[in-house]
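S.K.: Annotated compositional bias 'Low complexity' per TrEMBL: 63-81, in sequence order. Annotated domain 'C3H1-type' per TrEMBL: 33-59, 120-147, in sequence order. TrEMBL lists 63-109 with the feature region 'Disordered'. As annotated by TrEMBL, repeat 'WD' applies to 158-199, 280-319. What TrEMBL lists as zinc finger is 33-59, 120-147.
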Amino acid sequence: MKSAACYLLATMDLDGGAGNNKRVFNRHGTDSSKNQKVCFHWRAGKCTRFPCSFLHSEPSHPSGSAAAASSSSTANGSGAPKRFADDSRFSGSVQRRGPNFKNNHNNSWGRMGANNKVVRKTEEVCNYWVQGNCTFGDKCRFLHSWSLGEGFSMLNHLDGHQKLLSGIVLPAGMDKLFTGSKDETLRAWDANSGQCTGVINLGGEVGCMISEGLWLFVGIPNAVKAWNTQTNQEFSLSGPAGQVYAMIVGNGLLFAGSQEGILAWKFNAVTNSFEPAASLKGHTLPVVSLMVGANRLYSGSMDHSIKVWSLETLQCLQTLTEHTNVVMSLLCWDQFLLSCSLDQTIKVWVASENGNLEVTYTHNEEHGMLNLRGMHDLESKPVFLCACNDNYVRLYELPSFSEG
């Protein structure tokens with residue numbers, strides 16, 4: 001996250017790759033060749049120039065923009081934003097496909113059916129609104145919200161960290177939110193009031209955080225910190241070399257990806273301690289993403305590869321090399337594996353008849369991808385969120401990859 005503040009909702013850019021010139025056109029509603037620029041000082045109510053060489057009024061939107069917006073909002077004939085076609089196809093393909101799935105799996109991913117063109121509208125957050133001094137109110141042409149689309153609103157703004165946030169965890173069944181930062185602190189927040197209830201100095205930058213049951217795990221340079229949130233017991237797991245970038249729990253083991261590979265620990269209830277269990281070697285550069293699914297451990301690395309490991313034997317079964325940059329995040333969704341990378345792609349993988357994973361669909365963006373998370377919306381439709389390195393979080397509907 002770019003800011004030291006923690007937002008319980010991030011903005012999503014629905015521009016879909018518009019360039020800067022297009023954004024200026026859409027924001028001001030005028031052809032840039034006419035040099036009709038609105039005076040920023042006038043907008044702030046502070047312009048003292050007379051005569052001023054810039055506009056002291058907001059130019060009206062071209063009729064074409066209004067028509068495009070109208071067309072977008074009624075494209076499905078109901079007046080509601082167009083959703084991806086035939087939502088049942090994803091669940092059907094996942095649950096009912098048999099050995100012949102390989103022959104027709106491309107019929108669902110990335111498709112929206114007939115007439116699938118989506119008109120996207122550029123929106124920019126109002127800088128004056130962010131600073132709390134926009135004088136236009138509801139008449140402002142810029143966004144007075146941290147999100148685009150329906151069904152999202154900001155719950156709270158948590159302020160306290162002094163540097164970038166690198167981990168956010170909301171353990172199931174708890175009313176506390178935990179955040180870790182490059183400022184070397186772990187903070188606990190009351191999820192209802194948004195107030196900070198505690199600060200722990202860790203002595204190192206937080207690389208990642210996860211929760212599993214009663215346990216909270218925090219990765220820092222050369223160690224993993226573990227807390228039992230019920231008993232407040234604290235453990236320090238040594239062994240990692242350099243920063244710990246990713247962690248996951250699977251088959252009773254805690255896995256941590258660091259600069260020199262993957263380490264695993266197992267909790268011994270008799271001795272009440274974490275004991276080293278294994279070291280997984282194979283990547284040539286740091287491991288920055290981990291995921292568990294289908295009795296497999298998946299690891300993504302700065303060496304641009306994904307490795308598939310057996311959770312039973314901890315042996316490497318396959319190496320995937322289709323990405324051309326760092327594999328930042330992995331997500332298991334039923335029988336699919338999704339991966340995102342700084343190469344500006346999201347790849348969807350499925351097992352072939354011989355059991356090996358192969359790419360069934362590639363989604364392209366104009367920015368590098370940082371993190372993937374999946375969920376179901378209020379209508380039980382499968383969606384996932386992708387954080388990009390342009391400071392936006394995008395929400396996609398599956399399997400069409402249309403932006404929600």
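First residue shown is number 1, and so on along the chain.
Cβ coordinates are placed from backbone N, Cα and C, and glycine is handled just like the others.
Have a look at these and tell me how they're positioned relative to everything else.
M.R.: Across the domain 'C3H1-type' (120-147), the DSSP tally of helix, strand and coil residues reads 7 helix, 2 strand, 19 coil.
The average pLDDT computed over the repeat 'WD' (158-199) stands at 92.
Panel annotation: around the repeat 'WD' (280-319), residues 242-243, 245-251, 253, 255, 257-264, 325-332, 335, 337, 339, 341, 343, 356-357 of the same chain, lying at least six beyond its termini, place a Cβ under 8 Å from a Cβ of the stretch.
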